[in-house]
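See structure below.
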Amino acid sequence: MFHLDTLATLVAATLTLLLGRKLVHSVSFLKKYTIPEPVAGGLLVALALLVLKKSMGWEVNFDMSLRDPLMLAFFATIGLNANIASLRAGGRVVGIFLIVVVGLLVMQNAIGIGMASLLGLDPLMGLLAGSITLSGGHGTGAAWSKLFIERYGFTNATEVAMACATFGLVLGGLIGGPVARYLVKHSTTPNGIPDDQEVPTAFEKPDVGRMITSLVLIETIALIAICLTVGKIVAQLLAGTAFELPTFVCVLFVGVILSNGLSMMGFYRVFERAVSVLGNVSLSLFLAMALMGLKLWELASLALPMLAILVVQTIFMALYAIFVTWRMMGKNYDAAVLAAGHCGFGLGATPTAIANMQAITERFGPSHMAFLVVPMVGAFFIDIVNALVIKLYLMLPIFCGLTDEAAVFSPPPFTHSSNVPSPASSVLSGLLPVVGNVREYVAPGAELPGSSPDRAVNPPL
């Protein structure tokens, strides 16, 4: 086993990004279907590590201590670039998009349970292959698998959840580009920008009146650092209260308040292009670390029936984005970018959604609305509504027979750890083990608390 320290991991991440850029620009298929560069490079590295492990028994571990700060820095830049007037104008769009997202959550669980029953699997496995791991990601999968182990006797729930979430993370980064490219052809590109012309920034209109200097970078880094510091303090103060929020949501809100407050008071005007550049760097490095650290051999634990469920879920996600998300959001360019983002967090995680949207906007032009709506819905609201949807499904008769009623209606409080973040709201603590901050990426294979009951609903895969 080889272990790379923080600096070596950073070097590996940057090389992974450069590799991904080379791949996307060299392989016509990747460029044509707008596959994000971190996804292309990260998956190739993960595949290489898989070959090393299977052929020679070598395993490479990375020091991921920079991963979460990079993710928080990205959400800070989203907040710093958010304009209050634009947020106010986007209120209706957020509401419509949330309705679209809820529809997907319901259908993902219906497909999972239906396919599980059709293939002779336990319905709990269908739920794990539904919105718990696909729209919820590794964090939600980790939390619910703990409940399934302790209350339902599903001994291999954690392995199934991590494998499903890993599968979703990979596919979420692969289908967003092709779906959006198809939709852009049926939409109006912004400002008449040709399809083959790249836009210098990913999620804001550039401020061509100023140049990015060393002073501007220092000022911007200071703002991001303030957002991270204050956001963490706010999250700690709210912990255990009815207003508890995920750390990254607090960081994002601090960014919004800081940026708009300084502007309204006339003290300082945030340089949006510099913020966008640093945000893109943070997101790219985060995704590179997350994807190159994937333990793809965990997917081997998926039996063929479970793999069939996930393939159907992936196809349905693409069709849902085309026929529901795009149409409901207005059938325009912004709707196409939103559909790409929905593919990202509908199968994987919010950072994957942002990477999908960046790959589109870098080529076809900016979509300010999409980069305001997706982080709000995909990083915060979805955790709450997903909790409610999952809980309603667990009230169905097919699940009530698996355990006593008290176990179904009174899940234990989730044990906090450095890998799986705290609940979004203690008010909802009776609804599920964890509600919020589950979109923060949890590395596959992370050690999770849980007991091993005597009864197993399904034999290990």
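Indices start at 1 and increase along the chain as displayed.
Using N, Cα and C of the backbone, Cβ positions are placed for all residues, glycine too.
From the options 15-33, 72-90, the stretch TrEMBL describes as transmembrane segment is 72-90.
It is 369-389 that, among the stretches 96-119, 303-323, 369-389, forms the most Cβ pairs under 8 Å with the transmembrane segment (335-357).
Contact between the transmembrane segment (275-297) and the transmembrane segment (96-119) does not hold: fewer than three of their C-beta pairs are under 8 Å, each pair 6 or more apart in sequence. Counting Cβ pairs under 8 Å to the transmembrane segment (245-268), the top-ranked stretch among 96-119, 160-184, 303-323, 369-389 is 369-389. Counting Cβ pairs closer than 8 Å and at least 6 residues apart in sequence, the transmembrane segment (369-389) and the transmembrane segment (160-184) reach fewer than three and form no contact.
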